Amino acid sequence: MLHDASGRTITSLRISLTDRCNLRCRYCMPEDGVHFLEHAEILRYEEIERLIWVAAQIGVTKIRLTGGEPLLRRDVAAFIERSVHIPNIQTVALTTNGLLLPELALPLRRAGLSYLNVSLDTLHPRKFEEITRFPALQTVLQGIRAAQQAGFPALKVNVVAIRGFNDDELFEFAEFAHAENVELRFIEYMPFHGNGWNPNGFLSSDELKARLMERFELHPCKNAPSAAAKTFEISGRRGRIGFISAVSHSFCGDCNRLRLTADGFLRPCLHDNIEIDVKHPLRRGASDDELIALFQEAANRKPDVHRDFLTSTEPDSADGRAMVKIGG
Ligand code: SAM
Ligand code: SF4
């Protein structure tokens, strides 16, 4: 098993398949864009599979595929089909902006993908275009329906809550969760390199919950300790509401994750720039034991807790990566 210095057990690996994206969300991509990785810099599928295989030997049971936009990676369904058969891997999940789900939802489900999360920050076409810089709301809604029809259980919809942008849609989101029978999770807006972090746009989960409770009765669900979201049922309605409070209530103590960037670095923490190169050792022919040692190093260097973004005078790191280049 892979334990870190604080005794946390690592069971989950988030893998960025690409840093490319077909949207340009303002809270994720810097205003002046990003320099995308060259093809040769990105881990090949067989390299990622080797790393999953190694991680699975030391206790990783769950992988989540992300990016950039993971569905832009060619032949992603075939890669998932191979990944689900790696011994000890119990769950393969994926986070997507949903644009390619109308055509890919069914192949992904048939490939054995366990769970899907779709990101959607507004239910209004004009605002969708404002935040993502593309007029594509209808395609994402079609994608969510395609995922339902493909039979994905417990479909989750991620909403980054931003004061002054989508906090006038809270009741609409709750109605959407009921109408589509999905778990709609509000993610607290977080600072990343170049994303124009402005603490005034921050909206805490506590405030969101209090505002929703002005109209709806929320009943807490039982959540696993390592679950990022605290979820609630809405009285008399289908679907669920969840809150991911990485800023206001850090859940570092229960964090069971490592991240693998598209260019082959293990990141022990989303909010810390520590990175361990696994690509070059892999390409130089590292043995399984050498790769296991790199996973252990990543676990050893996992910070106990990330800094407090709301009070920190240095909320953004000049040499850090933009979110799109880490993998959310
Ligand atoms: N492209 C895919 C998508 O949008 O779902 C996967 C990658 S995206 C980086 C993963 C998640 O990170 C999305 O749910 C997105 O909303 C979230 N995210 C990106 N920037 C964020 C920020 N500044 N604060 C909070 N969540 C953020
Ligand atoms: Fe692309 Fe997802 Fe980032 Fe939006 S949040 S720019 S869809 S990677």
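Backbone N, Cα and C atoms are what each Cβ position is placed from, and that goes for glycine too.
Residues Arg14, Arg64, Lys156, Arg257, Leu258, Arg259 are recorded by TrEMBL as GTP binders, and the candidate that the same record lists for that site, out of Thr95, Thr132, Thr231, is Thr95.
When Met1, Met190 are compared with the S-adenosyl-L-methionine site residues Tyr27, Gly68, Ser119 in TrEMBL, the one appearing in that site is Met190. DSSP assigns Ser119 (S-adenosyl-L-methionine binding site) to a strand. The average pLDDT computed over the domain 'Radical SAM core' (5-225) stands at 95. Rounded to a whole number, the distance between the Cα atoms of Cys25 ([4Fe-4S] cluster 1 binding site) and Cys269 ([4Fe-4S] cluster 2 binding site) is 22 Å. The binding-site residues near ligand 2, defined by a Cβ under 6 Å from one of its atoms, do not include any of Thr95, Lys156, Cys252, Cys255, Arg257. Selection of the binding-site residues Ser119, Met190, Cys255, Cys269 by a Cβ distance under 6 Å from ligand 1 yields, in sequence order, Ser119, Met190.
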